[in-house]
Amino acid sequence: MGKDQGGSPEHVSGQSNEPLSRPAHALSWQKVAEELGTNVLDGLSAAEAESRQTRIGPNELGDAEGVQPMKIVIAQIANAMTLVLILAMAVSFGIGSWIEGGVIAAVVLLNVVVGFFQEYSAEKTMDSLRSLSSPTATVVRAGTAQVVPSAQIVPGDIVEVKMGDTLPADIRLVEAKNFETDEALLTGESLPVRKSQNQVFDDTTGPGDRLNIAYSSSAVTKGRARGVVFATGTCTEIGAIASALNQKESKVRPVKNRRADKGGHAHPGRYLEAYTLTLGDVVGRFLGVNVGTPLQRKLSKLAMLLFAIAVVCAIIVLAANRFVARQEVIIYAVATGLSMIPASLVVVLTITMAAGTKRMVQRHVVVRNLKSLEALGAVTDICSDKTGTLTQGKMVARAAWVPSMGTYTVDTSDDPFNPTVGTISFDSHKPTEMDLKNSKEGSSASASDPAQLLQDSAARQHLLQDFLSVAALANLATVHESEGTWHARGDPTEIAIQVFANRFSQNRRDLVGDSDADDAAKKAWTDVVELPFDSDVKRMSVIMKENGTGKHWVFTKGAVERVIEACVSYSGNNNNDGGAAASSCEMTAAFREEILRNMEVFASMGLRVLALASREVADGEDGLLRPSGDNNEVERAAVEKNLVFRGLVGLYDPPRAESAPAVRSCHEAGIAVHMLTGDHPETAKAIAIEVGILPSRTGQLSADVAAAMVMTAGQFDALSDDEIDELPVLPLVIARCAPSTKVRMIEALHRRGRFCAMTGDGVNDSPSLRRADVGIAMGQAGSDVAKDASDIVLMDDNFASIVSAIEEGRRIFDNIQKFVLHVLAENIAQAGTLLVGLVFKDSTGISVFPLAPVQIIWVIMVTSGMPDMGLGFERAVPGIMQRPPQSLKVGIFTLEFLVDMVVYGLWIAALCLATFSLVVFGFGAGDLGENCNDSYTAACDTVFRARATTFATLTWFALFLAWEMIDMRRSFFRMQPGSTKYFTQWAVDIWRNKFLFWAIMLGFVTMFPALYIPVLNHAVFKHTGITWEWGIVFIAAILFFAGVEGWKWAKRVYFRRAAKKSQGADWKDMDIEERVFGEYLTNTSSGSNTPGADVEKAQSPPANGQ
């Protein structure tokens, strides 16, 4: 905790970090604010907040473990790779092979130290990234609302919370609107607790009964509130509990089937089962086979498999030498076993993933779950919201229709907050009677002065005034001018409507007073009840008191279909006697249809359409007029009924400039994009066509496909699972989408074998975020609950960032595959060289190893370790987003990977054996000497020179193979297909990854001391310096490149032919829309009606596009 909190007195329930005169729940909110020295309207100043943070400390519970060095050290030792090295070291020391044992000990120490620092750095990186996705809170400081990390909250801050938020601290409520919180974490009460600000309780009132307090870590389940923070960190109620909990989570398996009639005891076999499972868990954690990401667990299991293979190889060596227990035979067996162990694999994987998460942040994505790094590359479908993700989220009211009056349009307005910018035009016709898409040419609308429109006849004036009252008051957003600049606070939808009302001088800020303020009576309206937007009913309502008349009114806005179903009449203009108000007409089925037709005109323009309605509260409805702080719930159905329809407003939210290219990238990458939005189908369809989710030639789709591509949530939810599975294509647009619809969409995708990412921002999106393969929360608009349920968080709420994350996920997957292939191919090469090398026997019948144990360890650890790390930092290969997603079931171990591993390993082994044989038998006398595995003599000079040549050759192969792994198919000399640098492009490519370049250079440099330093070469590496043999090394290197390049060429030919056969010769020349939707367009096909056929089938381009 903070500087003072560590030594703070014992926690007193309800008190502040710096005690108040009485507990906060026993004081009025005005008194709490006064004692904490804060202003409930403007909050603290930045300087005062910083001063309090320094004095009191951060708002943290102190339960975060952070980076624990000792755990990292243990993890470096307790993994299968290191344990094999330790075992080899013990064997070497046990048989008195001190040099080999000492070298292995040094390697183990080096591996642990390097691994520790690298993983410590990676953990620190992950720790800092976790802080980016930590909870945030909206506070008012210096009169301005701002979002800050929850850790920066201090006593005296004014905090604003809404549904879906998590309380950042204990707050004394100042204002509560239909406000409820879930306090199960604190009190165990499963039902939400309704809160109010006006009550004051006794000092001894328990936490569960303090209805004027909202507690830290509780979730807001309904409504919104504002309050003053009085306790932070361990001084909060939840902080006191956290401080008291010292025991760790038990990792002991429970004993099953305990029987109460036997004193809680079970059968002895159950105890044995529990102890065995617990021991298995401990061993599994120790070896890493049941912790970490799926790939990390697979690699740990691979290490155990390789250990078993290493043991078999060692037994083969002993058997080939008739199990003679001589020191050199045992050392040969140890060397052969070591050759199968990829010692640097775990460290390189950890570093690669940590570096990947850091790069994600640069692309506006925060990774909360490392598993998502592997999953992103396998995504086949993205289910995205529209508003703020595919669109800019900065809405402007473009059109409005007032029944019996006419249509208003707003043009040339590019500032979403400024009501003085733009031209308002009025036309007395309905939208259905106008050509709004070409309004400049085909409409009789004329530019009008808003003030003049309000000076119309009394009846017409009231029609517009009733409409504007709903627009301004059924609205929580505020718009105001300060120092020549217009500012707005609130939801983008409500801001746009508020700005439209402000064009007619109807501003909520001017109309509504604070119910607790002294000047409330001076305002025209006072808040009474607020029913926030509900994603199920798709409406929000307020009850307001008109101070001049004492009357109460219900103002409602929401989805058109949901609002008009609650309306019994609409604004009419039958009263022409200049009376005080326009009359209302009965809502008929015919007029409802007319409303929907006018809505569809707006929606076809890409506008989001909302309906506005209101009514006067009748005398017999006093139960609705409760003060905001009372505990009695207002039934929504009792409020939102018998409404008078006032009109439609159309909001334009332009697509982000990057959305269409991002959707195109998805289609090229074999990823289907689905838009799940709360908007009207026509609005959603217009935007979907604009960004490329739907084909522009929708008229050429067969009827069943067109119907399936665009559906409403009602239509989709009405289908059974079997009927959904029989659709020719899963919906690409679901309008009027509810949270439960998102879950059904995920389930439908899973039944088709798809792998999906789902976006969400609200508390109701949590189930779908958890059910999706990759849950994506919005960083700006998302609630804390949604972020908690997600795997990754978009810092900019931008669809293009999802595509960037997928590209980064594919890059990480590729790079892991590259360095694992590099490591395992070397292991096969070394093991193959040593096993076949058993045929080289000296005069005593003992095998002479072509590579010494220390040489093997050197190549594994020193030569290859850093290049493997460099491959983890490699950039994405060209065309990474022009190939289909990989399968997570197969993972990195694809058939191509396995064949490459064997081919490269055997090719390197063959060249190493050929090099050894050429020096010994081609240029030497074929004499393998005697005891040449142990010491250098004149008789062993040829063997030592051959061993040195083989060592140099293997070192070069390991380093060159790292460069060849940059792209698993393209030629090392032609990795950039569009380059005109035909002879020098390879030099540019190897310099792009400077870490890999210098790692390979270091590998070359460190080889020479091992070859030429006296004593070190003879006694440790069992080889001697070479001269003319370098010619053999150069020739072997040329043959190595020839073999690898030839294999890559053969792969390219094979995959190109396979792609041409499966996709057709003209795939690359096809328009992207033709590729994705071609089989459904009637001019290219008859339109597939086959059940189970899916649009995704047309989205898989040739693998790697080569």
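Yeah, the Cβs are placed from backbone N, Cα and C, and that goes for glycine too.
Keep in mind that this is a model prediction, so the values were computed, not measured.
Per TrEMBL, the features are:
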type     : residues  : note
COMPBIAS : 427-440   : compositional bias 'Basic and acidic residues'
COMPBIAS : 1082-1091 : compositional bias 'Polar residues'
DOMAIN   : 23-97     : domain 'Cation-transporting P-type ATPase N-terminal'
REGION   : 1-24      : region 'Disordered'
REGION   : 421-452   : region 'Disordered'
REGION   : 1082-1106 : region 'Disordered'
TRANSMEM : 77-95     : transmembrane segment
TRANSMEM : 101-120   : transmembrane segment
TRANSMEM : 302-324   : transmembrane segment
TRANSMEM : 330-355   : transmembrane segment
TRANSMEM : 819-840   : transmembrane segment
TRANSMEM : 846-866   : transmembrane segment
TRANSMEM : 902-924   : transmembrane segment
TRANSMEM : 944-966   : transmembrane segment
TRANSMEM : 995-1015  : transmembrane segment
TRANSMEM : 1027-1047 : transmembrane segment
Cβ pairs under 8 Å between the transmembrane segment (1027-1047) and the transmembrane segment (944-966), at least three: yes
Other parts of the chain folded back onto the transmembrane segment (995-1015), taken as Cβ under 8 Å at six or more residues beyond its ends: 858, 862-864, 866-867, 869-871, 873-874, 948, 951-952, 955-956, 958-959, 962-963, 966, 1021, 1023, 1025-1026
Average pLDDT across the domain 'Cation-transporting P-type ATPase N-terminal' (23-97), rounded to a whole number: 80
Folded-back contacts onto the transmembrane segment (944-966), same chain, C-beta under 8 angstroms, at least six residues removed: 818-819, 821-822, 825-826, 829-830, 833, 849-852, 855, 858-859, 863-864, 867-868, 870-871, 874, 877, 904, 908, 911-912, 915-916, 919-920, 924, 932, 936, 972, 975, 989-990, 993, 996, 999-1000, 1003-1004, 1007, 1010-1011, 1017-1018, 1021-1026, 1029-1030, 1032-1033, 1036-1037, 1040-1041, 1044, 1048
